[in-house]
């Protein structure tokens with residue numbers, strides 16, 4: 001830690017989902033990580049102890065609700081309750097990856113809206129603010145009745161690709177839902193966009209990938225918010241090459257990379273996969289064509305600005 005933050009009432013706590021990111025954020029802010037322990041009883045119940053006074057402090061909890069999702073959610077809820085009962089002044093949840101975000105609406109009858117339920121649980125536990133990164137659905141902000149700052153990963157990804165000095169690029173959205181995200185990256189890189197339109201011509205027939213936009217002879221950059229099993233992104237990359245793209249890069253904010261994702265990426269035409277560290281990944285998933293960027297500086301700056309009651313809006317771009 002190279003600098004010391006002046007206000008001792010700012011406390012940053014780490015739980016178990018991403019301790020390396022939490023330590024990086026604390027170092028950038030200029031504070032020591034708050035003293036707490038997260039353990040399990042013999043039956044698996046979560047036990048949290050806060051090992052310093054936080055009375056009257058502004059507390060920030062760094063916790064991605066990634067795999068194991070439900071374990072990390074329970075840790076977070078119990079930590080919020082512990083801070084509330086210890087008389088914290090404010091309890092700010094920093095969620096680099098918001099689990100259950102894809103369950104943001106009723107796609108079919110009798111389905112839950114679990115993204116809303118999670119928001120309710122955080123508020124009921126005692127959270128006073130949320131700092132989130134690249135929510136799968138922006139409308140999740142409306143699920144909260146407390147302030148929420150929604151940061152974007154596109155500037156981080158865009159800065160990386162600017163530094164590569166790639167020529168004749170095109171930004172590609174792998175589906176209709178990601179067009180806005182692709183447009184933001186395209187505007188930053190001053191590049192055109194293309195869209196992959198997946199259609200099933202008739203029942204029981206495989207989907208056909210139609211590419212809307214010119215990708216012939218260009219370097220394509222696929223962008224998504226989440227790469228989970230990597231089926232969509234790898235099929236899209238293969239379709240781009242088959243239709244004349246010179247080479248394909250892929251990027252996302254949240255590398256869930258579950259199931260066959262790593263194998264699919266290794267077997268695909270993707271030259272490089274660029275992600276952030278919003279989710280902690282085991283070493284076996286850090287494959288050769290994998291580049292991980294840090295969201296630590298962005299989240300640290302957001303924490304400082306929230307604590308000092310400064311504007312956070314410029315971080316959105």
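Every residue, even glycine, has its Cβ placed from backbone N, Cα and C.
According to Swiss-Prot, the feature ATP binding site maps to 43, 44, 45, 102, 103. In sequence order, 115, 136, 137, 226 are the residues near residue 102 (ATP binding site), counting only same-chain partners six or more apart with C-beta under 8 A.
Residues or ranges marked as ADP binding site in Swiss-Prot (evidence: a large-scale study or a structure entry): 106, 110, 141, 149, 150, 311, 312, 313. Under the three-state DSSP scheme, residue 311 (ADP binding site) falls in the coil class. Cβ contacts within 10 Å of residue 311 (ADP binding site), excluding its own Cβ and spanning all protein chains shown: 7.
The annotation Mg(2+) 1 binding site is assigned in Swiss-Prot to 136 on the grounds of a large-scale study or a structure entry. Of all Cβ atoms in the protein chains displayed, 21 besides its own lie within 10 Å of the Cβ of residue 136 (Mg(2+) 1 binding site).
Swiss-Prot lists 175 with the feature Mg(2+) 2 binding site. Look at residue 175 (Mg(2+) 2 binding site): DSSP puts it in coil. Non-local neighbourhood of residue 175 (Mg(2+) 2 binding site): 195, 196, 198, 232, each in the same chain, at least six residues away, with C-beta under 8 Å from its C-beta.
Annotation comment: Swiss-Prot describes 198 as active site, evidence class a curator's inference. Taken residue by residue with DSSP, residue 198 (active site) is part of a strand.
Following the DSSP three-state reduction, the secondary structure of residue 230 (D-ribose 5-phosphate binding site) is coil. Annotation source Swiss-Prot lists D-ribose 5-phosphate binding site at 200, 224, 228, 229, 230, 231, 232.
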Within 10 Å of each Cβ, count the other Cβ atoms and name the one among the binding-site residues 44, 231 with the highest count.
231
Please report the three-state DSSP label of residue 106 (ADP binding site).
coil
Among 43, 106, 110, 150, 311, these being the binding-site residues, pick the one whose CA is nearest to that of residue 229 (D-ribose 5-phosphate binding site).
106
Taking 43, 44, 45, 102, 103 as the record's ATP-binding set, what's the max Cα pairwise distance in Å, rounded to a whole number?
31
